[in-house]
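Participant: Got a structure here, written out as structure tokens. Questions coming.
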Amino acid sequence: MKGTIEAEGKYNDLLKSHLAELSSMEDAESGGDFDSMEEIPDEKAESKKREASQLPEDLKAKQDLIKKEREEVQQKGAVGWSAYIAYFTAGFGYLGVIVVIVLFIAAQTMTISADYWLSIWSNLEEEFENKQKQIKSCLQNLETQNVNCTQILFDIDSNTDPSSINLIYDDRERSYKIYLTLVCIAFFVVSVRSVAFFMLCVKNSKNTYQKLFASVRDTTIRFFDLNPIGRILNRFSKDTNNMDEMLTLYLYEFCQILMVIVGALVVPISVNPWMLLPLIPLGLAFYVIQKYFVSTARELKRLDNIGRSPIFVHTNTSIEGISTIRAASKGQLLTSEFYSHYDYHTRAYFGFFVVHRWFGLRLDFLCSLYTIMTLFACIFLRDNLGLKSGQIGLLMVYLFQLFDLFQWCVVLSTMVENLMTSIERIVEYT
């Protein structure tokens, strides 16, 4: 369909012709009656004033609409599941995600199995050594042996030389082979898990970027009219860098530490089920603090991302108009505006950092409280629960891991969600 030129000329001439056209339409509607023509002038004057005042209002409304469309939209609340699904399924679909999750679970299971077998091995060593010491003690005191020695030496020749009693666990080689096999399997599964995870992330990032590029390349010209070049560059520079580098590394470390923390919670509970009782109130306290922290940190990160776009826009426009700026001696004014944009971005970034420290202090307190309660319970309830030294050692190892890694895991989860805001911004353009 071909367009037509309705009118040409200056703005004031076109405005007058527009009002004249409205007047002629009113005259035609009046039927050309002489009486009515005499009554029209006052109404025509009022109509002209009304149209003249209405036209700027319409123009102002259109300008406000265009300004609103030009503003960058700040998302509210948690990152939508659509952003997660769009990113994680961009490479190999849901099958790739399921395979990686299974590999993470399998790797942590094999790691726990190796540690658990090590505790069983240490218990067997201790039991064997204690038994051999009792046999040696009974052989050295045959004349004063009691009922216990009679039971201990039931299968032992009384003429055996006490010095020939072996205190070293005779099945140590088999236990060592089992432990070595479990460690090798765990190492293999962890290696496969790492390769599969990074392959998935690389494929996801590549396909997501290709979608972004294709969408911007094939979009309408109005898109570039409404979105400044700095805002588009922010997607292709900082947001893409977050997706390619930061998100992949932080996401892998978060998933790895999360599996360790799950094991650190499951192992103590399996050794001492009573540890589930203090975990419930501490878990509720952690949930309340974490929910407050994540919502605050997420919005600060969004302000950080949005506050970066004006810096790009200002820098780009300043470089393009540098000759005009110097000719008009407005360099100081542009410098002040740049500092204003930069201060806005820095305030959001500093607030994001302070919130992390606030959360870390409270999380350290909760982890310390749970560790102290668990250790004292195991020490005082050792005889009642029938805990062995190997089990207590395993429990202490995982508890200290929980103390060191729990805060870092929550920080990583927040950083991953904050970096997912970059994915959210990229998906917005796709």
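For all residues, glycine too, the Cβ spot is worked out from N, Cα and C.
Under the heading region 'Disordered', TrEMBL lists 24-54. Per TrEMBL, compositional bias 'Acidic residues' is recorded for 24-41. The compositional bias 'Basic and acidic residues' feature in TrEMBL is assigned to 42-54. Marked as transmembrane segment by TrEMBL: 84-107, 178-202, 247-269, 275-294, 363-382, 394-416. The domain 'ABC transmembrane type-1' annotation in TrEMBL covers 178-418.
Give me the structural setting of these features: burial, nearby parts and distances.
Facilitator: Counting residues 6+ beyond its ends, the transmembrane segment (84-107) has Cβ neighbours under 8 Å at 186, 189-190, 192-193, 196-197, 200-204, 206-208, 211, 243, 255-256, 259, 420, 423, 427, 430 in the same chain.
Counting only same-chain residues 6+ beyond the ends of the transmembrane segment (363-382), those with a CB under 8 A from a CB of the stretch are 268, 271-272, 274-275, 278-279, 282, 285-286, 289, 392, 395-396, 399-400, 402-403, 406-407, 410.
Counting residues 6+ beyond its ends, the transmembrane segment (394-416) has Cβ neighbours under 8 Å at 115-116, 118-119, 247, 250-251, 253-254, 257-258, 260-261, 263-265, 267-268, 271-272, 290, 293-294, 297-298, 356, 359-360, 363-364, 367-368, 370-371, 374-375, 378 in the same chain.
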Participant: Determine which residues of the chain contact the transmembrane segment (178-202) at the Cβ level, with the cut-off under 8 Å and only residues 6 or more beyond its ends counted.
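Facilitator: Same-chain residues near the transmembrane segment (178-202) but 6 or more away: 88, 91-92, 96-97, 99-100, 103-104, 106-107, 110-111, 113-114, 117-118, 121, 247-248, 251-252, 255.
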Participant: Looking only at residues six or more beyond either end of the transmembrane segment (275-294), which have a C-beta under 8 A from one in the stretch?
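Facilitator: Residues 265, 268-269, 355, 358-359, 362-363, 366, 369-370, 373-374, 377, 410, 413-414, 417.
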